[in-house]
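**Student:** There's a structure below that I have some questions on.
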Amino acid sequence: GSLKRPEDLLGEFELRLLHMFGLKRRPSPGKDVVIPPYMLDLYRLHAGQQLGYPLERAACRANTVCSFHHEEVLEELPETSGKTARRFFFNLTSIPNEESVTSAELQIFPGEQVHEAFESNSSYHHRINIYEIMKPATATSKDPVTRLLDTRLVHHNASKWESSDVTPAVLRWIAHGQPNHGFVVEVVHLDKENSASKRHVRISRSLHQDEDSWSQLRPLLVTFGHDGKGHPLHKREKRQAKHKQRKRHKYSCKRHPLYVDFNDVGWNDWIVAPPGYSAFYCHGECPFPLADHLNSTNHAIVQTLVNSVNSKIPKACCVPTELSAISMLYLDENEKVVLKNYQDMVVEGCGCR
């Protein structure tokens, strides 16, 4: 057939890679998409950079992590004595059917602006209650019917993300097809006697808060799932190279450096991290007799032996014998931030096969 032009080959290569990533088309995210700090922390953890976050538990059975911001048409719920409540709805329809969700967390940041009403040396606490809405409020019943999912006691000075397990609700919506009416997040303010006080806590965007600071602190729903391909996300143990002193032929089969730069293929607008990675490749001769370090099979040894007396039979080939995964943080077609483990992306060892 006719030779393909380089740009056609590149387009075909891009389509194959997108298919490998489970994407139907190349994502084209807007310039103002914000990557939640939690997702960056999770990526750093799984890329082997140590962190002091308890992120390991939820991700240990998952190979895909997705984050969702709530739909910002916030429904105010009537404030009762000493309580602040908000409804948060997260649209989860972009989770693929083949993905099995194993757990879900609701991340809330009751940040510094929340606590300005309190004296710095006082010992006030808030209780944060997370409810699933079973039936939304109606004209006749002003309050929604809810079910408590999680509750936690938070000191008013604690400026950190609070994570609540909302797995039962998300599984009901996704796996069992129940209607998703969202969550109610209720903050109960407790004074020194642990009775409810009327101090106000903000869990939604303030009137004058700029887009950038709000986007860093807005609530986040994080789902952990597995698409049935490859291994779960986990901290990658750095392999210790086995340095045995052995005589190697200069041209014998071995691993060579190969760095894949996502900038070169113009993908750095939707791949958040890493900017590229060391894929390596295998190249070199498989000479007769095959040395032990060439990591050969019995079949390769027999084939090489036959080749030494009959050159019509090809030599064994230098190929990857061990491959490892990489973690990638990227924006999908719906501008959702996804962390995923991709199998067989890095050559760890080569041999004659």
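Including glycine, each Cβ sits where the backbone N, Cα and C put it.
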**Student:** Which candidate, CYS286, CYS317, CYS350, does Swiss-Prot give as the disulfide partner of CYS282?
**Tutor:** CYS350
**Student:** Using the record from Swiss-Prot, pick out the residue from CYS66, CYS318 that is joined to CYS253 by a disulfide.
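**Tutor:** Between CYS253 and one of CYS66, CYS318, Swiss-Prot records a disulfide, namely with CYS318.
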**Student:** Mind checking which of CYS317, CYS352 has the disulfide with CYS286 in Swiss-Prot?
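**Tutor:** So the cysteine paired with CYS286 in Swiss-Prot is CYS352.
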**Student:** How many Å lie between the Cα of CYS253 (disulfide bond) and the Cα of ASN91 (N-linked glycosylation site)?
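**Tutor:** If we compare the Cα positions of CYS253 (disulfide bond) and ASN91 (N-linked glycosylation site), the gap is 51 Å.
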**Student:** Return only the integer: C-alpha distance in Å from CYS286 (disulfide bond) to ASN295 (N-linked glycosylation site).
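**Tutor:** Cα of CYS286 (disulfide bond) to Cα of ASN295 (N-linked glycosylation site) measures 10 Å after rounding.
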**Student:** What three-state secondary structure does DSSP assign to CYS352 (disulfide bond)?
**Tutor:** strand
**Student:** Taking only same-chain residues 6+ apart in sequence, whose CB is under 8 Å from that of CYS282 (disulfide bond), what do you get?
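**Tutor:** Spatial neighbours, sequence-distant, of CYS282 (disulfide bond): CYS253, LYS254, ARG255, HIS256, CYS318, VAL319, PRO320, VAL347, CYS350, GLY351.
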**Student:** Near ASN91 (N-linked glycosylation site), which residues of its chain come within a Cβ-Cβ distance under 8 Å, counting only those 6 or more away in sequence?
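**Tutor:** Non-local contacts for ASN91 (N-linked glycosylation site): PHE68, GLU71.
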**Student:** Could you measure between CYS352 (disulfide bond) and ASN295 (N-linked glycosylation site) for me? Cα positions, answer in whole angstrom.
**Tutor:** 6
**Student:** Long-range same-chain neighbours of ASN295 (N-linked glycosylation site), Cβ under 8 Å, sequence gap at least 6?
**Tutor:** THR321, GLY349, CYS350, GLY351, CYS352
